[in-house]
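Novice: So TrEMBL says this about it:
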- B:21-38: transmembrane segment (TRANSMEM)
- B:44-63: transmembrane segment (TRANSMEM)
- B:93-109: transmembrane segment (TRANSMEM)
- B:121-138: transmembrane segment (TRANSMEM)
- B:204-231: transmembrane segment (TRANSMEM)
- B:238-258: transmembrane segment (TRANSMEM)
- B:270-287: transmembrane segment (TRANSMEM)
- B:294-314: transmembrane segment (TRANSMEM)
- B:320-338: transmembrane segment (TRANSMEM)
Amino acid sequence: MKIFRISGGIHPKGNKELSAEKAIEPVPMPSVLRIPLQQHIGAPAVPIVAKGDVVKKGQLLAIARGAVSAPVHAPTSGRIVAIGRFVAPHASGLPGATITMRPDRRDEWGERLPALDPATAEPSALAERVGSCGIVGMGGATFPSAVKLNLRSRHALHTLVINAAECEPYLTCDDRLMRERTDDVFDGIRIMAKALGVAKVLIAIEGNKPEALAALTGAARATGDKSVAVVKVPTRYPMGSEKHLVQTLTGLETPARALTADIGIVVHNVATAYAVYKAVRLGEPLISRIVTVSGKAMVRTGNFEVLIGTPIHHLISHCGGHVEEPARLLLGGPMMGQPISSTRASIVKGSNGVLALAESEVPSGKTMPCIRCTACVVACPCGLAPFDMAQRIRNDELDGAVKIGLLDCLSCGSCAWVCPSHVPLVQYFNYAKGKLTAEQRAKHKQEETKRLSQFRDMRMDKLKKAKQEAMAKMMAEREAKKKAELAEAADEAKVTE
Amino acid sequence: MSMATPLGGPFTHSGASISRTMTLVMAALLPATIFGLYQFGWPAIFLFLVTVVSAVLAEFLALRMAGKPVMPFISDGSAMLTGWLIAMSLPPWAPWWVGVLGSFIAILLAKHPFDGIGQNLFNPAMVARTVLLISFPVEMTRFVAPMPLGSADAPGFISALEITFGLGSHFDAMSSASFLGSVKTQLGQAERLPDILASGYHPFALAFGTVSGSTGETSALFLLAGGLFLLATRIISWHIPIAMIITMVALSGIFHFIDPNHFLGPVMELSSGTFIFATFFIATDYVTAPSTPLGKLIFGAGVAALTFLIRTFAAYPEGVAFSILLMNATVPIIDHTIRPRIYGRTRKGVPIQHKPK
Ligand code: SF4
Ligand code: SF4
């Protein structure tokens, strides 16, 4: 298949050899599971259980709220011991609403949804199943998958792209999943294609995963399904960016501020496909995921099947702890992942990696002034001028930064990766984006207040007017009455005369 | 702004650094430099040392005055490179004070008043060269014919000290005009170009560098090799060099074709003077060049066109330094007008329209 070139991008050291050959292993049951209610983009889920409740594995704990949200299920059987705020797996370390449960170690399934046969099920039923099983994009973006499977109603879709690029260094969880559970993954992909009603599926895998490529190619051949093509894409970061992946595969550039669906293409992560398989074929909600544990500060690296809600420290100690005090502890890959503020935080649906990087793996450059070398311009896959945006942000010219593309930035970090001056470019961009969102929110609030007060004024005006009108009417009536009485009296007088 | 945000990625890095870049540029300069110093002997070596040391000294003073941390900036290698580039563009037997003055002008007038590295509008080495040329035309145009180290005519260590640090008494006897200078003079005397060239200039001598000139203008071939090394290591992009070379070849080619008696051909123009040196080592200076590929093409074409015009029609035989400074002044406008195309948008910045297949 013809591959199209995208501009920009970088070739960071993969470091995948640290875990690529380690088969997926289960993790012993932790003594406590802490399940955040916000594991997806959108509104947090709303709990329907209470402290003290005894729940079964797979039981619904919290329901989705609104159109963009996802429900949360019990990863095992046990007792709910708390519902409250707990440290969330965010860089901020701010607490979020969390259900805490104590496993009873019996791991008993509750009622499971009946299996669906994708051959006979309605596409909308498949999407609904994905939604009710709490599946979200598992590549890290955590967008509720059902919403993306329902795009058919509003867009003319023709292609499903499966993002199996796994372009972040260190991460091998998708690689292992494809190698070890090939048929299930492939089945999930075909179910998604069915739900979307597309005629063509492209599975994109970076060239540095030959085994996964071979496995899925074999699966495609075995089914004889000609509509599915497995495509080897160049090993180049950020190949996993939706729009760039689509362009690499089809040559189509997604317009700014638009979705790939606007050009007829939907992108789903390969791990999501596996979750879809489980939801549709087995009726199992999303209660576990594959996580890569890696980094030279780890005693043992590997790929693990981890229950959602497992404390990060449990996973780390299962891997033997650290060789040395890690210089960096990250959730996700080293390019776009986040520092872990507390290892008491949990593995959630979007957690693809726990990395403990040793001193030797962490860049140590001092930040120097920008020398306008334009390496960042060359590296940016979005055609931006990062040094210029950073300069404007530094001068507090947020509007200027927006004008030259700040909101088109992916925060992929390619620019900062190449910068010889170690300018923390992404930090500038994230700071500015955060500030803009806050400003917008404040403006929104202000407008809302204004609207409300205007509304009140209007109501008062109306009331006043109504009162006045009523008064005037009364006066008029009284006047008329008086006149009539007078006239009557006069008439009477006339008569008597 | 304040950076009270939580620390964000990426948590990995390419390993690039300013000092690595500067080191690679110096490595690229090394063959041409060694050859030049060999050709012009001890006086050139002394001048080189004087210039480099005084550039670092000037940087130190400037950092101290600005209250900036000295170590990280001195060790980035940028001041050393500036001194090196100045040494390359001076007549190799110039007296020591020319070198010191050049470095001080570059660092203290062209670099630090603009707030140091990354901020200066004009290329420091070219500012230094231009100010020196205007202020000290005699010292700046007094060249010598190559006398390789160890050859019979070459000055020994002691007499070299005399040449660089003394009063330059036995200098005049040996002075010789640079190639472009003498061509200009002789053309001015209504001679025909082929006759002038026939009297002893060979394109090969110009390319290899066995002619008089500044250290950095002699060996076009060694400089070209260094330039290719910079391209291969991606320290520089091809846009500026290619635009410069093509423009120079086109302009000189056209004029030479029309009147070969008065205009040097492309080969001569490329291999003489500091053109190749400037193409790879000066015009490509990050700080003072445009930031987009298209901007770089325009900049390179501008430098070459101006160089050709100055060399051919103006009073100075060599025009590279002026041209670079003039084009430096246009960089803010170029960068303002020519922006990279943002993904998913047209050059004008509006979202692209999709024609359904
Ligand atoms: S972080 Fe933004 S500016 Fe930097 S390379 Fe990625 S998209 Fe471009
Ligand atoms: S890579 Fe760094 S030094 Fe180079 S232009 Fe970009 S911000 Fe400046």
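Glycine is no exception: its Cβ is also placed from the backbone N, Cα and C atoms.
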Novice: What stretch in B:21-38, B:121-138, B:204-231, B:294-314 has the biggest tally of Cβ pairs under 8 Å against the transmembrane segment (B:238-258)?
Specialist: B:294-314
Novice: Hey, which bits of the same chain come close to the transmembrane segment (B:21-38), Cβ under 8 Å, at least six residues off its ends?
Specialist: 44-45, 48, 76-78, 80-81, 84-85, 88, 92, 148-149, 209, 215-216, 218-219, 222-223, 225-227, 229-230, 233, 235, 277, 280-281
Novice: Between the stretches B:44-63, B:121-138, B:204-231, B:320-338, which wins on the count of C-beta pairs under 8 angstroms to the transmembrane segment (B:270-287)?
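Specialist: Answer, by Cβ pair count: B:204-231.
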Novice: Looking at the transmembrane segment (B:320-338) and the transmembrane segment (B:121-138), are there 3+ C-beta pairs under 8 A, with each pair at least 6 apart in sequence?
Specialist: yes
Novice: Take the transmembrane segment (B:204-231) and find every residue of the same chain, 6 or more past its ends, with a Cβ under 8 Å from one of its Cβ atoms.
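Specialist: Same-chain contacts beyond the ends: 24-25, 27-33, 35-37, 39-40, 44, 48, 85, 87-92, 143-146, 176-179, 237-238, 241, 267-268, 270-277, 279-281, 284.
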Novice: How about long-range neighbours of the transmembrane segment (B:294-314): same chain, 6 or more residues beyond its ends, C-beta under 8 Å?
Specialist: 180, 184, 237, 239-248, 251-252, 255, 263, 269, 273, 275, 278, 283, 320, 322-324, 326-327, 330-331, 334-335, 338
